[in-house]
Amino acid sequence: MSTTVVPPAEPAPAPPGRFAAPARRAGEALRRLLPQLRSTPVVLVWLVAFWAAGAVTGSLVHGPDGQPDLATPSGTGLWNAVAVGIPTLRDGHWWTPFTAPFFAADLITYLGASVLLVATAAAVERRWGSRRTLLIAIAVLVLGTALGLAVIELATLVPDWTWASQLEQGTAVSPTPLVFGLLAAASADMSALWRRRLRLALVAVGLVMLLYGGRIEDVLRLASTLVGLAIGAFVLHRGQRHVLATRSSIHETRVLVAVVFAASTLGPVLCAFSDDMDGPLQFLQVLYVGPDVAEARGVADMVMALVPAALVLVLTAGLRRGRRFAWWAMLGVHAALLIIGVVFAFQLLAVADDIGLSELADEQGISLVASLAPLAVIPVLLMLLLWLTRRSFTVSAPARTYRRFGLLVGATVLVGWVLSVGLGALVEDQYTPVPTFWQLVADYPLRLLPNGYGEIVNPGFEPDRDTFAEFLTDWLGVVVWLVVLVGLLRSFVKAAVTSTALDAERARDILDRHGVTSLAWLTTWEGNSWWFSADGSSYVAYRVEGGVALTTGDPIGPADRLEATIREFVDHCSHQGWIPAFYSTTEAVKQVTDRLGWPSLQVAEETVLPLGSVAFAGKKFQDIRTAISRAGKAGVTAEWISYPTAPLAVRDQIQAISEEWVSDKALPEMGFTLGGIAELDDPHVRCLIAVDESRTVHAVTSWMPSFRDGQVIGYTLDFMRRRSTGDLKGLMEFLIGRAALDLQAEGLEFLSLSGAPLAHADPSAPSTAVDRVLEWIGRTMEPVYGFRSLLKFKAKFQPEYQPMYMNYPEQAVLPRIGLGISHAYLPHLTVTQTVRMIGELT
């Protein structure tokens, strides 16, 4: 008898922990990040030293020991040894400008500073090199600290300026002044547009943090930014004229004013949610947020407290687009804020003795009147800024926009009033004290006031907590304000574009003389608006989609006026607050926009047949000859017609063919540069149909004319459809081949088979990252629209390939342009059609 010993089973592996997946993703991200950091040794060394110093000294969670307080405003212990400030330098700690960037006040700051440094300073080091980055970093630390502390010393010379005295006693640790200074210096290497944007952002953030935060760290941050700007302008790029002050354009004025108002709003919001803000403008939070936002009892309370800030930010979006209504509304809002600020200040001063505020101010050496003065001074200054720049805000909304907006808001307020009174009366016992009917009526407008303004007007009763009355009181106001804010924002996006029949006639007259490009006729289509040059010799056809002015092909006009026309149109778009995008343009437009410093993308490949020697002879045209021969044997002929004057039976068949083609697609028929039945209904557009002896139409093509000096010089293929039933193949080859031969016999110069969107004749050509994205989109959309198959089909005619471009001001606006183009091509896309498209693509 034998005994078999069974070894014990190995324990099953433990299931992955809940943090396994996030940890794995973090590890993968770190592995991708490390090669990047190896190419930036200065940033890598700083990052390691930053965290090592914090870990060794136990400063990672709460910062260095001995942080400042009321008793020791400059700090003690480790903080006093590493923090920079006037007291530490007076104590002989000369090294603190170099140690302060290697510490932070808490763990959140450690993490945020690390992300900021890796995202910004690493890019600067890769661009400049390690040696240059290190030298500039040292210069920013030394000069930025010297400038900041010198300004504080000068400020202390002003008698009884408590803020300056507090700054003189303060010390700080933070790497953000260094980062801001490096970015400011690096801006000198950027394009003019991004240089202005980055500098404006750095200075605006620095000023907001200084005026509302009011700490020594904020002074050093702004001082380092100014030093970085000086290093970039006068050291890195000596002699370049962009450092000189120039008169601001209308667009720049709008952006600057918008930034000022946004900063005036975001500063008080930061004050409201932070206990560390102690700047001279901290009291402004009572205007934009309310004094009791931190004690909001729920989400609705919080939203209502933020209403003034949200309203100003929405109006800021309108100012950025140059909207006249936004200017008037902002002026009115700040007039109201001025009144509220003055009333609040007088009310607070009246009770200051009773609540001990005067005594507290005296103990801290603070002038209460001076602290409250910004409540009146800042709104006045902002209104003065609006008045001085009023000529920059002249853009109107479409007719009746604000009439409809007013009716919508009025209806919402009225419905809310009825609900507030009617439902409130049903639950009157949920209020304290119980209100009367007329008290409910009078109370509703007060509930629309943002939270915190109750300091000025107090409601006579309040809803009990956790009741329906509380829900009703809180959320009705939120709904009204959401309608107001969303309605305002939508009104600023809509463009007031009007074109008249006279404009269409002017455009057609210019087109007859100068419409030589293949897509010139597209400028006459419905949906276009026309802008005319100052001398009236040229025009641009465009449509505004989401704030983007999309042109339809090239400007039409004399060739020697092309650059002037483009520049004038760009100025017009800037004045209107639009982003110009020249779409489906030729090389001539690209050359002009290249001189403007604009990027461009190839969005299509046009195929052109020069006429004069077309014979379709040789092996490479075998498919064309076969198609023509097959059609002749089947009794099918090519017949030129004009759709508006064609027999009703023929038009009905063409409509049926088109509807059948559209019904087979996951998406609706595209518009913009792709015509449909509506574009056939034009006496100047010629149609070539394939018709048999029984007058059955098997296929149809349409051809748009191009002109020079009133004479047609060529035609461009637009509409192309065939029946899905029937055995006859090669109908499109037959029609296009016959069109080429017929038009050549008429003495025309060219025949364009139009462009194939998102397709290239040479896919192996060098491309940018954006080009590769478009390549992927083209492959993805192929099952739906078959653009690549279309280009391959056109290649049978051995055409000349001519790229078609999209020219735009900068890469940053590409997402908005993409949305605008999508809406232009598919303005009526429904949810159902979107689902069908996704099904086709997957």
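Easy rule for this one: first residue shown is 1, then count along the chain.
For all residues, glycine too, the Cβ spot is worked out from N, Cα and C.
Matching 1-20, 621-640, 761-780 against TrEMBL, the residues noted as region 'Disordered' span 1-20. With a threshold of 8 Å between CB atoms, the same-chain residues lying at least 6 positions outside the transmembrane segment (475-493) that come near it are 300, 303-304, 307, 310-311, 314-315, 317-318, 321, 323, 325-326, 329, 397, 401-402, 405, 408-409, 412-413, 416, 419-420, 444, 447-448, 546-547.
Long-range contacts of the transmembrane segment (407-427) within its own chain (CB-CB distance under 8 A, at least 6 residues past either end) are made by residues 435, 437, 440-441, 443-444, 447-448, 467-469, 472-473, 476-477, 479-480, 483-484, 487. Within the chain, the transmembrane segment (325-346) has long-range Cβ neighbours (under 8 A, six or more residues past its boundaries) at 261, 286-288, 308, 311-312, 315-319, 372-373, 375-376, 379-380, 382-383, 386-387, 390, 393, 396-397, 402, 453, 455-456, 488, 491-492. Confidence for the domain 'Phosphatidylglycerol lysyltransferase C-terminal' (509-807), expressed as mean pLDDT, is 83.
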